[in-house]
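The feature Mg(2+) 1 binding site is assigned by Swiss-Prot to GLU88, ASP107, LEU109. The Mg(2+) 2 binding site annotation in Swiss-Prot covers ASP107, ASP110, GLU272, and the record cites sequence analysis as its basis. What Swiss-Prot records for ASP110, GLY111, SER112, SER113, ASN200 is substrate binding site.
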Amino acid sequence: MSNLTLSQFLQQEKGNLTPELAQVIDTIAATCKTIDQALQKGALAGILGSAGNENVQGETQKKLDVISNDYLIDALKVHPHVGGLASEELDDFTPAQENGEYLVLFDPLDGSSNIDINMCVGTIFSILPAKNAVTQAQDFMQAGTQQVAAGYVLYGPSTMMALTVGNGVAFFTLDPETQTFLLTTENVQVSADTQEFAINASNQRHWEQPVKQYIEELLAGKTSVREKDFNMRWVACMVGDVHRILCRGGIFLYPYDLKDPKKAGRLRLMYEANPMSMLIEQAGGASTTGRVRILEIEPTELHQRVPVIIGSKNEVERVTSYH
């Protein structure tokens, strides 16, 4: 069986997918191949470890955070159909081309704390329509429902892309010989029920009561009202956890906690929560803060953080009902 290339797949898609949008997605995919090659060199190229500074989030940047960010900025800021860029790693947005039809937001290397131990990392991206001929910061303040495409590239045992353009979710696998993304799964679906959950349990003492109650029920398994056992998984890379959910169901929680009351959550709305929520919802799952649907949040700042509860629909709805 011959697999469609990513470019061929994009040519066949309908709906929101214009030829211009297809070109932007192709450029993101090509840049992620370059990131993949840098990751594979690792210690051989002297690019592991800290870059010696912090990003706007107050997180210590890894060398590959900076390298991946630079690759994406350099490739997209000259793209004729990109009006502006926003990165988790940079304080402000980056202007691109006048009259560019799209805005691209990204987390260049999600889970970068995994780099030095050779575990999975990924690139997350979100594409919004541009609002003006010359992009302004306010143009990025669009709810997730306005996304025209979203996806991620997972750098794991094989390199894979998950993509939605508003018409379901598809998986592509990078052929290492031809360096081509090939379609390997169409119409990805998240099961409504699950017996797997992902959460950083070390924060339990900081959680709100609804989340504590929910997790206590899961841990009690058959002896609780749930009457079945659950397994816990935690990759420390949202791309890895969401990919597992898209493949076999599950629920991922990074809930609101009281560790730092100034932060409503830990994950970034524009670079992580929105694109992952679009993917999960397009695959039949659900996504919420525990109180509101993530895709309906009207952002007020570029680096806004939100709680995230995402995955199999029946479990997400159960957590929401506890709030």
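Every residue, even glycine, has its Cβ placed from backbone N, Cα and C.
Here the features listed in Swiss-Prot are placed on the structure.
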residue	record	DSSP class
GLU88	Mg(2+) 1 binding site	coil
ASP107	Mg(2+) 1 binding site	strand
SER112	substrate binding site	helix
ASN200	substrate binding site	coil
GLU272	Mg(2+) 2 binding site	helix
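Highest Cβ count within 10 Å among the binding-site residues SER112, SER113, ASN200: SER112.
For ASP107 (Mg(2+) 1 binding site), the nearest neighbour among the listed binding-site residues (SER113, ASN200, GLU272), judged by C-alpha distance, is GLU272. Separation of the C-alpha atoms of GLU88 (Mg(2+) 1 binding site) and ASP110 (Mg(2+) 2 binding site): 10 Å, rounded to the nearest whole number. Comparing the binding-site residues ASP107, ASP110, GLU272 on other C-beta atoms within 10 angstroms of each C-beta gives the minimum for GLU272. One residue stands out among the binding-site residues GLU88, LEU109, GLY111 for having the most other Cβ atoms within 10 Å of its Cβ: LEU109. Close to the recorded Mg(2+) 1 site, the chain also has ASP65, SER68, ASN69, SER87, GLU89, PHE106, PRO108, ASP110, SER112, THR123, ILE124, TYR271, GLU272: residues not among GLU88, ASP107, LEU109 whose Cβ is within 8 Å of the site's Cβ mean position.
A separation of roughly 11 Å, to the nearest angstrom, links the Cα atoms of GLY111 (substrate binding site) and GLU272 (Mg(2+) 2 binding site).
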